[in-house]
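Quick notes on the structure that follows.
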Amino acid sequence: MSMSSIPSSSQSGKLYGWVERIGNKVPHPFLLFIYLIIVLMVTTAILSAFGVSAKNPTDGTPVVVKNLLSVEGLHWFLPNVIKNFSGFAPLGAILALVLGAGLAERVGLLPALMVKMASHVNARYASYMVLFIAFFSHISSDAALVIMPPMGALIFLAVGRHPVAGLLAAIAGVGCGFTANLLIVTTDVLLSGISTEAAAAFNPQMHVSVIDNWYFMASSVVVLTIVGGLITDKIIEPRLGQWQGNSDEKLQTLTESQRFGLRIAGVVSLLFIAAIALMVIPQNGILRDPINHTVMPSPFIKGIVPLIILFFFVVSLAYGIATRTIRRQADLPHLMIEPMKEMAGFIVMVFPLAQFVAMFNWSNMGKFIAVGLTDILESSGLSGIPAFVGLALLSSFLCMFIASGSAIWSILAPIFVPMFMLLGFHPAFAQILFRIADSSVLPLAPVSPFVPLFLGFLQRYKPDAKLGTYYSLVLPYPLIFLVVWLLMLLAWYLVGLPIGPGIYPRLS
């Protein structure tokens, strides 16, 4: 059935329909960012002409907007157009991951693996399985945002459910719940370092450890898995109707060749993991930090994405040879070319997106907006629960316009960490508030390079889907996740539970 007009007689259905209609009137993402660049250029020219600035509450220095339409702006822009595009960090990582994951899909490894997994899962609980796997996949950082959504769709296909529902459930897990982790991951390392630096302004002895949010974030995985599963089953899938894809899109029973291939792939996977473990677990492992011999940070953590790509290549090659989907050397590049063709639209969209992000950063607009809004919130005199909500809403708003969560926290932490400490709260508690807000709205952020990617995934199953279709379908997850997560944190605070080992919301 068509998803461009999703049936519902309820008020919520009318809301989603309105969001879809409005969203579908938004120009193609390529044109959208062209228009945003024009608006940004005019805005910087006006603010610069009138000498508008914002006062940085941290050191009192003015934050001035730089004019993109000035001679200085032109001199910066022309030599950096190609650099802005080729140096756009997510582009290389996404394309490289698609090479690996695309090969795994083309040789038949991922579909076979999904059928194998689905054979042990009741279709009724598929939503919860997809979400839980998505949360666990955060150990691979941004790679999870590329790998998990297509896998979620395949899992739902395997159990006879709508693939778009599986796709959206996976996006919710890797996107809305990006910072909810069972394990300590790179996000913990990055944010805790920023928080420690910010706390030093108030108390030089204060240290925010990588495990200071662990109890709360690990518990969040359980809560959000349940919440996300209910959203998928009760809200999303009923709106999609019955999946009416072609018969060849449905995953079939595994053949003997596929079973043999999975066994070979499993053995190779274990050997690969064992080899990496031997380079990481020993104190003198070659993938540990060469000076401090730590795992976090280390070449292993910094190189996690290349290692995942290599893992895909090695295991896919083993499966392909075992099942004879790879018969000769020439098959390998051919199989990798096909998934890259599907990324052409994404690459085109990234060009203006990369220019917009670079221009936004160079002009100081991001810092100007952040500092201005932060100053308003700080001067409002909020404390306690209103301060919690204020920081969360401010963070959510900024995350819609600044793609890097660490960049936003670098701006907010120097103001809010000392402010929360003055109110008697641990800096790790302020950090949790930011993490909740940052994660929840990730699938909605128009400047995120992953939104066009998610739209491309959706168009595999709904070719005529537009940005409005995507937003109307994914919208319940960010809204409900944000509310439930904040309520969970409020309950955690009121009960007085530790948010990490020996760390409580309030300073002792």
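Cβ coordinates are placed from backbone N, Cα and C, and glycine is handled just like the others.
According to Swiss-Prot, the feature transmembrane segment maps to 30-50 (among others), an assignment based on sequence analysis.
The transmembrane segment annotation in Swiss-Prot covers 121-139 (among others). The list of residues near the transmembrane segment (121-139) in space but at least 6 beyond its ends in sequence, with Cβ under 8 angstroms from a Cβ of it, reads 147-148, 151-152, 155-156, 159-161, 165-166, 169-170, 172-174, 177-183, 185, 187, 221, 224-226, 228-229, 232-233, 304.
Here the transmembrane segment (140-159) has Cβ contacts under 8 Å with residues 90, 93-94, 97-98, 101, 105, 110-111, 114-115, 117-119, 121-123, 126, 129-130, 133-134, 165-171, 173-175, 178, 185-187, 243, 245, 249-251, 304-305, 308, 450, 453-454, 457, 460-461 of the same chain, all six or more residues outside its ends. What Swiss-Prot records for 140-159 (among others) is transmembrane segment.
Look at Swiss-Prot and you will find 164-184 (among others) tagged as transmembrane segment.
According to Swiss-Prot, the transmembrane segment annotation covers 211-231 (among others).
Positions annotated as transmembrane segment by Swiss-Prot: 261-281 (among others). Beyond the ends of the transmembrane segment (261-281), by six or more residues, the same chain brings 108-109, 112-113, 116, 254, 287-288, 295, 298, 300, 307, 311, 314-316, 318-320, 322-323 to within a C-beta distance below 8 angstroms of the stretch.
The list of residues near the transmembrane segment (303-323) in space but at least 6 beyond its ends in sequence, with Cβ under 8 angstroms from a Cβ of it, reads 93, 96-97, 99-101, 103-104, 107-109, 112, 139-143, 147, 186, 257-258, 260-262, 264-265, 267-269, 272, 276, 287, 331-332, 335. For 303-323 (among others), the entry in Swiss-Prot reads transmembrane segment, with the evidence type sequence analysis.
If you look up Swiss-Prot, you'll see 343-363 (among others) marked as transmembrane segment. Sequence-remote contacts of a segment are chain residues at least 6 beyond its ends whose Cβ falls under 8 Å from one of its Cβ atoms, and for the transmembrane segment (343-363) they are 29-30, 33-34, 36-37, 40-41, 44, 65-68, 73, 76-77, 80-81, 84-85, 87-88, 91, 94-95, 98, 401-403, 447, 449, 452-453, 456.
Annotated transmembrane segment per Swiss-Prot: 382-402 (among others), in sequence order, evidence recorded as sequence analysis.
Per Swiss-Prot, transmembrane segment is recorded for 405-425 (among others).
Residues or ranges marked as transmembrane segment by Swiss-Prot: 439-459 (among others).
Taken from Swiss-Prot, the feature transmembrane segment covers 479-499 (among others).
Most Cβ pairs under 8 Å to the transmembrane segment (439-459), among the stretches 30-50, 164-184, 211-231, 479-499, belong to 164-184. The transmembrane segment (211-231) and the transmembrane segment (30-50) are not in contact, since fewer than 3 Cβ pairs between them lie under 8 Å (pairs 6 or more apart in sequence).
Long-range contacts of the transmembrane segment (479-499) within the same chain: residues 172, 176-177, 212-213, 215-216, 219-220, 223-224, 227-228, 231, 385, 388-389, 392, 396, 426, 428-429, 432-433, 436-437, 439-441, 505-506, each at least 6 residues beyond the stretch ends and with a Cβ under 8 Å from a Cβ of the stretch.
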